[in-house]
Amino acid sequence: MSYKLAENSFRSVFKTIDTDLVRWFPGHMGKGLKQMQQKLRSVDCIVEVHDARIPLSGKNSDFKYTVSGLKPHILVLNKADLIEPSRKPAIVKSLKTDYPHVVFTESKNQQCTGVKKIFPLAQELIGESNRYNRANAEDCNLMIIGVPNVGKSSLINAMRIRFLRKGKATSVGAVPGITRSVLTRIKLCEKPLFYMFDTPGILSPNIPNVETGLKLALCATIEDHRVGEGILADYLLYWLNKQQRFQYVEAFRLDRPNDNILEILSHIAKVNNKQIKIRDTLNNYLIKPDLNLAAHIFIKSFRNGDLGKIMLDDDLIKLK
Ligand SMILES: Nc1nc2c(ncn2[C@@H]2O[C@H](COP(=O)(O)OP(=O)(O)O)[C@@H](O)[C@H]2O)c(=O)[nH]1
Ligand SMILES: [Mg+2]
């Protein structure tokens with residue numbers, strides 16, 4: 001549905017009440033990094049997984065440049081089922097300089113063609129690369145890394161199903177001197193001998209500003225409580241209106257787009273019959289709409305794709 005809008009009828013910038021919000025976000029890569037660095041010695045190709053709804057925001061490019069160095073690197077943009085396929089070329093173009101090898105996947109979809117592409121691409125990149133300390137190793141190792149909740153485990157499972165259809169994934173025992181849990185790997189292929197580390201490497205997201213943090217939180221890569229569901233819901237509304245993505249109007253049976261989050265949340269609480277009882281200053285009970293629950297419903301509808309296929313970095317990637 002399209003709506004006639006007065007110019008400047010919506011906010012053009014998002015003002016958070018707490019300007020220090022960014023300080024609440026987790027710090028830079030910490031302890032995990034050191035462990036991953038050790039693990040990397042036996043890795044031949046890195047498969048970095050990120051959420052396709054935020055292809056530019058939150059990726060830890062520090063990792064690519066300072067830790068993984070010159071190792072072959074594939075960027076997998078997972079949850080591609082939640083974005084408009086027509087946006088893929090523009091995403092690839094925006095990432096080209098930093099990530100020349102991008103694959104879109106839907107790891108919960110068994111028919112996904114992207115999952116199938118990762119292995120041959122890794123083989124090709126390793127073949128072209130200088131393997132330094134591993135030049136004489138006969139086997140090749142892949143490692144999956146990425147920030148929480150982007151679908152690393154789901155991708156590992158999808159790859160297992162794809163390549164090891166015949167039986168259970170083969171776990172490989174510990175290598176002396178290195179923690180077993182870190183170096184458990186599964187066989188992907190016999191000829192050529194290919195393994196994948198079973199445990200994904202977990203990165204902390206890179207959060208240079210509040211909006212990046214809010215986008216990461218909307219995609220559930222950092223916990224909601226770090227931001228607060230009210231602020232998250234307000235940012236989502238701001239973003240949807242700014243980008244003129246008005247599917248929420250129908251989804252929540254509103255009359256028209258509205259930039260006031262309190263009005264939207266009161267409405268959602270009312271139609272879902274979510275109320276709370278509170279006491280006023282005179283100790284009388286009042287029935288109020290449960291705005292927190294409404295915020296939760298609003299955010300969830302975005303995460304489920306009920307508000308349309310939304311790529312949150314659309315405001316950073318120009319329409320072609
Ligand atoms: N819509 C959608 N959801 C996915 C996809 N892959 C994973 N998920 C969901 O995302 C959440 C996190 O997945 P998980 O594999 O545990 O992520 P990890 O923390 O990176 O290992 C789970 O609820 C998955 O069901 C995908 O391709 N599409
Ligand atoms: Mg996992």
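Just so you know, glycine gets a Cβ as well, placed from its N, Cα and C.
From the candidate list GLY127, GLY201, the residue TrEMBL records in the GTP site shared with ASN78, LYS79, ALA80, ASP81, ASN149, VAL150, GLY151, LYS152, SER153, SER154 is GLY201.
Close to ligand 2, meaning a Cβ under 6 Å from one of its atoms, are these of the binding-site residues ALA80, GLY151, SER153: SER153. Taking a Cβ cut-off of under 6 Å from any atom of ligand 1, the binding-site residues ASN78, ASN149, GLY201 reduce to ASN78, ASN149. DSSP assigns ALA80 (GTP binding site) to a helix.
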